[in-house]
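Visitor: Please find one structure pasted underneath; my questions will follow.
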């Protein structure tokens, strides 16, 4: 399975390389080759218990697929913005690609350094790939861009040491690279923009995303340190938690956002949410869907009998939430993408805050959340945090957040790129859901070395093609310009990756589909 997964990732890398064919795409090929070898060192370390931190079990390291996400995303973003003539975001794509390569190299060097005996051939390959990448960065980046890349690397190193120690068994090495690398990049962007505020420059919804993500992460770090010295389950601790959340929110996060958008954040948010009648209808509809999701949780817990306390929800039951998320995102993508952007940020902040309440057992809802959510755990929730629902939200939202709006003059990219905001809906909402449902109920022919079935993968591809046809009918802004073969190949490759990867597919698949469609 690891070899097939690696082959699929190599196919994506070569596809992007053929589309871009520049020094950075060559660097991506070199990075993929060395990551392929290094991931086997990580796998051996995980099996022998020799890794520095405790990583998630029952999964491979996932270094190769995770290492290539940021570099490839930066390369395709650079190409799209260069074609549109937007120099600022073209350089931003270069910084994203360079940052992703340097973070992946750091994780590779770490694995090689702690492997005993020292793997000579892998060291040589890593050294050659690193030399090529650093030489390219030296001749392609300005001094300020080099400093920015090194800042992200420094934040990543410290953040990894803190979070991987505090949260054992929550990530594989690849998932840690993807999640913590993304958080490090967002934190650095927020610091950079806060120090260089220019009135009227920048979209307020982008600032809202940066401040919300950094704010909830800093909130979690603060309470994690605090509750190492006191019991978090008492009423006094719970009152202190709610009080300090309000203080940090109103005293730090709100002024920070005010400095960036130059207006009252609460008034701006209320005005934005209720600006048009369409937004009001969407908010009412989404409230109904959120209530339906809560109803599913309560109903499934009510069915759990007292005799079967170890009973877990079935795969089909968990996929109810995927259907609800698809029903949430599709109208937003069709009618108001900016509202969907902001609503997804708010939802992410709420999800993470509720996870803090559950993890720290904050009264009065902490213990109740633990009981309700324990029914929906699977083997990927082996650590102290429950992250699968947050990964689902991220997988659906990242294509919307990462869509290069400034490089799409008419609000959409030409050809297959018009489907980029729908990457999460197609890969996770439709493909992964249909594959799981049909594979678990009708599947008989298993892919070699996996539990996934041939029938599930084929129905997933077919369902995504039908979904693309429906998008063409209902979303008039989508014009594929006869790029149907590219779309079919992209959907098929990502569906095969879903069958073979042991990483969090809710997070990985939408990003790879977005890369393919943007290429």
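For all residues, glycine too, the Cβ spot is worked out from N, Cα and C.
Keep in mind that TrEMBL annotations are predicted by a computer and have not been checked by a curator.
Given the structure is predicted, the values throughout are model-derived calculations rather than measurements.
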Visitor: Given the ranges 88-112, 113-137, which one is assigned the annotation transmembrane segment in TrEMBL?
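Guide: Of 88-112, 113-137, TrEMBL gives transmembrane segment for 88-112.
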Visitor: According to TrEMBL, which listed range is transmembrane segment: 168-189, 278-299?
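Guide: Checked against TrEMBL: transmembrane segment maps to 278-299.
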Visitor: TrEMBL lists transmembrane segment for one of the ranges 35-53, 149-167; which is that range?
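Guide: From TrEMBL, the annotated transmembrane segment range turns out to be 149-167.
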Visitor: Considering pairs 6 or more residues apart, do the transmembrane segment (382-402) and the transmembrane segment (239-258) have at least three CB pairs under 8 Å?
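Guide: They do not touch: fewer than three Cβ pairs between the two stretches lie under 8 Å.
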Visitor: Under 8 Å between C-beta atoms and at least six residues away from its ends: which parts of the chain pack against the transmembrane segment (486-513)?
Guide: 1, 4-5, 8-9, 11-12, 58-60, 62, 65-66, 69, 73, 172, 174-175, 178-179, 380, 387-388, 391-392, 394-396, 398-399, 415-416, 419, 423-424, 426-428, 431-432, 435, 447, 450, 452, 456-457, 460-461, 464-465, 468, 480
Visitor: Do we see three or more Cβ pairs under 8 Å linking the transmembrane segment (320-335) and the transmembrane segment (422-442), pairs being at least 6 apart in sequence?
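Guide: They do touch: at least three Cβ pairs between the two stretches lie under 8 Å.
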Visitor: Going through 58-76, 88-112, 207-227, 278-299, 422-442 one by one, which has the most CB pairs that fall under 8 Å from the transmembrane segment (341-361)?
Guide: 207-227
